[in-house]
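J.: Take a look at what Swiss-Prot says about it:
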type	residues	note
REGION	1-212	region 'TPase'
DOMAIN	25-183	domain 'Tyrosine-protein phosphatase'
ACT_SITE	Cys126	active site, phosphocysteine intermediate
REGION	181-221	region 'Disordered'
COMPBIAS	193-204	compositional bias 'Acidic residues'
REGION	229-597	region 'GTase'
ACT_SITE	Lys294	active site, N6-GMP-lysine intermediate
BINDING	Arg299, Arg315, Asp343, Gly344, Glu345, Lys458, Trp459, Lys460, Arg528, Gln529, Arg530, Ile531, Asp532, Lys533	GTP binding site
REGION	330-386	region 'Interaction with POLR2A'
REGION	573-597	region 'Disordered'
Amino acid sequence: MAYNKIPPRWLNCPRRGQPVAGRFLPLKTMLGPRYDSQVAEENRFHPSMLSNYLKSLKVKMSLLVDLTNTSRFYDRNDIEKEGIKYIKLQCKGHGECPTTENTETFIRLCERFNERSPPELIGVHCTHGFNRTGFLICAFLVEKMDWSIEAAVATFAQARPPGIYKGDYLKELFRRYGDIEEAPPPPVLPDWCFEDEDEEDEDEDGKKDSEPGSSASFSKRRKERLKLGAIFLEGITVKGVTQVTTQPKLGEVQQKCHQFCGWEGSGFPGAQPVSMDKQNIRLLEQKPYKVSWKADGTRYMMLIDGTNEVFMIDRDNSVFHVSNLEFPFRKDLRMHLSNTLLDGEMIIDKVNGQAVPRYLIYDIIKFNAQPVGDCDFNIRLQCIEREIISPRHEKMKTGLIDKTQEPFSVRPKQFFDINISRKLLEGNFAKEVSHEMDGLIFQPIGKYKPGRCDDILKWKPPSLNSVDFRLKITRMGGEGLLPQNVGLLYVGGYERPFAQIKVTKELKQYDNKIIECKFENNSWVFMRQRIDKSFPNAYNTAMAVCNSISNPVTKEMLFEFIDRCAAAAQGQKRKYPLDPDTELMPPPPPKRLHRPT
C-alpha cells in the first residue's frame, strides 16, 4: 500500500460502533489531516472527532488499543493529549486470527485499565474495526466476564453491524470458546465492503489481506457479494424468478460468468458501452458497425447451464434463478443447452394494455462451452437465431414447450446496417416498438469484450443524456448563512462531490440511494431511482456524459455523418471531410455543469 494512500474500503466504512457491554468502543482507524486531500469532509475521521464524540456521550476513555501494523494513519500525540493512554498491539490479519499471545496481552491490558472505578471506555481499532477488533473484544467478554461465545459474537454484531465478517475468525472463536460446529456463517457484507474493487486488499504494512469470509483472496469474495432484496424487474412481478442468496450456488454462477467472459476484475462482467461524442463518432468510418435501438430496459446476462439451471445476472452481480424456461439443443431437442452465456436486456412490452416481460438477446459469449464470443458479431447474431431461438420454436410446435407457463418470453434483438439509423428513430419502426426506446446502440463487428468497451457507442438525444449518482443530503451553512439541506452528487472513484442538486420534498427519500439525473436548464434534475444499481457511474463515465451534454452529437449531426460514411463507402467523391464539426454545428454549450475542480 502506498504510504500516503487511504486504506481500501475505508472511506464509507462506519467510523465507530456503539459501546459493547459498557466497556469497549469499536472503531475504524482514524486518519490524520495529511489525508484530507483524499477524503471528503463528510467522510473524515480525525482523532479530534473521537474526543468530541466522547464528550457528547459524557464518558471518558482511559485506553485506546491500536491493532494495526503501522503508525502512519494518525499521530498518537493527538490521542494522548486528551488524556487517553495509547497502546500499539500489532495483530497480523491477512487471514490469521489474533494469536493466543495477542489475546492474552489484550486481556491483561484491558483488565488492568478496567479496574478503574467508575469503569471508563476502552477504544479498540484495527483498519476497519470489525474482525481483529471484534475477535479480541469477544475473547475478553468470554474469559473475563463469563459470557458465552454466542452472546459475545451476537452482541458485538449488534453494536458494530454486521459484526465479525471473516469466517475463519468466527470458527476460531468457537473453536477456542465453544463448539466449532456451531460457528455461524459469515454475515452478508455491506456495500462499503465492495468499494475500491480494482485494488488488492492490503493491510497497513503492504501485505495482501484475505477475503472477508475465508482465507482465500478478497477479490474472489467480492465476486460472491450478496445484495438482499434485489428486484428483478421494476414495476412488475415476474413469476418463477427468485433471487439466489445461498452459497455455493451464488458464487458458482458469478464465477462461471467471469470465466466465460475472460473477466479478471470483480462485479458484473458484461460489455459496457460509452457515450458517443464528436471524437469517437469517427469510429463509424474506421471499422464496420451494426446499429440497433436502445431500449430503456434492464441489463441482464443469462447463464444456461442445464435443465432448470437458467440464471439471470444483473449489473449489481445479483443472481436470479428462472424456472420453467427451456433451451433445447438444436441437434437433439430432448437435450438441454449448458455452458451457454447470453447478453441482453429485460424490457416490458405493452400488448393490448397488458405489461408483457421479454428478454431481448443481443449477444452471445459461450455456446455449449464453445467461445463464440471470439467470432465476429454477424456470426454471433446467426448463432443466437439458429442455436437459441429456432430450437425453442421447433419444440413449441410439438407442444413440448408451453409458452403460457414461461415467466417471460425470449426474443433476439435485431441489428441493422448503420444506414438504417434514421429509420429507427424517425420512421414507422419507432412507433411500432411496444416498449420505451431512448436512443441507438452502435455495435462493432469485432469479438466480444467484457467491461468498458470504448468501441461500443450509445447515442441518446442530448436531452436524455444522464448520469447515475449517489445522492447524499447534507446540512450545510456558513458564517451569516442559515443552514440548509444540500444534495451532493457523488460518482465512483472520486471522493469529493461531483455536483449538487436542489433538495425537494420528493428527493429526500432517496438519500444515499443511486439516482439517475439529467442536465436541464443548467442544473441537474432528478429522473428516477436506479434500484438495479448499488454503485454510481465511475468518474470517467460521468465526465464522458458531461462532455456529450456540453458538446453534443445532435440527431442531425449523426445522420449527416452516417450519410457521408455511406457515400465514402460507395466510392463517391467526398464533398466534405468526414468531420462532424464541419457542419450542422450544435447550439452553444450550456453553462458549466458543476463539474469537480
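Glycine is treated like the rest: Cβ placed from N, Cα and C.
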J.: How do the residues of the region 'Interaction with POLR2A' (330-386) split into helix, strand and coil according to DSSP?
T.: 13 helix, 32 strand, 12 coil
J.: Can you check what DSSP calls Lys294 (active site, N6-GMP-lysine intermediate), collapsed to helix, strand or coil?
T.: strand
J.: Measuring Cα to Cα, how many Å separate Arg299 (GTP binding site) from Cys126 (active site, phosphocysteine intermediate)?
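T.: Spelling it out, the Cα of Arg299 (GTP binding site) and the Cα of Cys126 (active site, phosphocysteine intermediate) are 39 Å apart.
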J.: Looking at the recorded positions Lys294, Asp343, Glu345, Trp459, Arg530, whose Cα is closest in space to that of Cys126 (active site, phosphocysteine intermediate)?
T.: Arg530
J.: Can you tell me how many other Cβ atoms are located within 10 Å of the Cβ belonging to Asp532 (GTP binding site)?
T.: 20
J.: Does DSSP put the residue listed as 'active site, phosphocysteine intermediate' in a helix, in a strand, or in coil?
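T.: DSSP call for the residue listed as 'active site, phosphocysteine intermediate': coil, neither helix nor strand.
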J.: Between Arg530 (GTP binding site) and the residue listed as 'active site, N6-GMP-lysine intermediate', what is the CA-CA distance rounded to a whole number of Å?
T.: 17
J.: From the Cα of Lys294 (active site, N6-GMP-lysine intermediate) across to the Cα of Glu345 (GTP binding site), what is the distance in angstrom?
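T.: Given the Cα positions, Glu345 (GTP binding site) is 10 Å from Lys294 (active site, N6-GMP-lysine intermediate).
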J.: If you count the other Cβ atoms within 10 Å of each Cβ, which of the recorded positions Lys294, Arg299, Arg528, Arg530 comes out on top?
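T.: The largest 10 Å Cβ neighbour count belongs to Arg530.
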J.: So if I draw a 10 Å sphere around the Cβ of Cys126 (active site, phosphocysteine intermediate), how many other Cβ atoms end up inside it?
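T.: A 10 Å sphere around the Cβ of Cys126 (active site, phosphocysteine intermediate) contains 27 other Cβ atoms.
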J.: Neighbour count first, Cβ atoms within 10 Å, every protein chain included; then name which of Asp343, Glu345 tops the list of binding-site residues.
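T.: Of the binding-site residues Asp343, Glu345, the most buried by Cβ count within 10 Å is Asp343.
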J.: Given that the record lists Arg299, Arg315, Asp343, Gly344, Glu345, Lys458, Trp459, Lys460, Arg528, Gln529, Arg530, Ile531, Asp532, Lys533 as binding GTP, what is the largest C-alpha to C-alpha distance among them, in Å?
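T.: Overall maximum Cα spacing for these binding residues reaches 24 Å.
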J.: Which ones are near Lys294 (active site, N6-GMP-lysine intermediate): of the binding-site residues Asp343, Trp459, Arg528, Asp532, which have a Cα within 10 Å?
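T.: The binding-site residues passing the 10 Å Cα test are Trp459.
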J.: Within 10 Å of the Cβ of Trp459 (GTP binding site), how many other Cβ atoms can you find? Include all protein chains, please.
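T.: For Trp459 (GTP binding site), the count of other Cβ atoms within 10 Å is 27.
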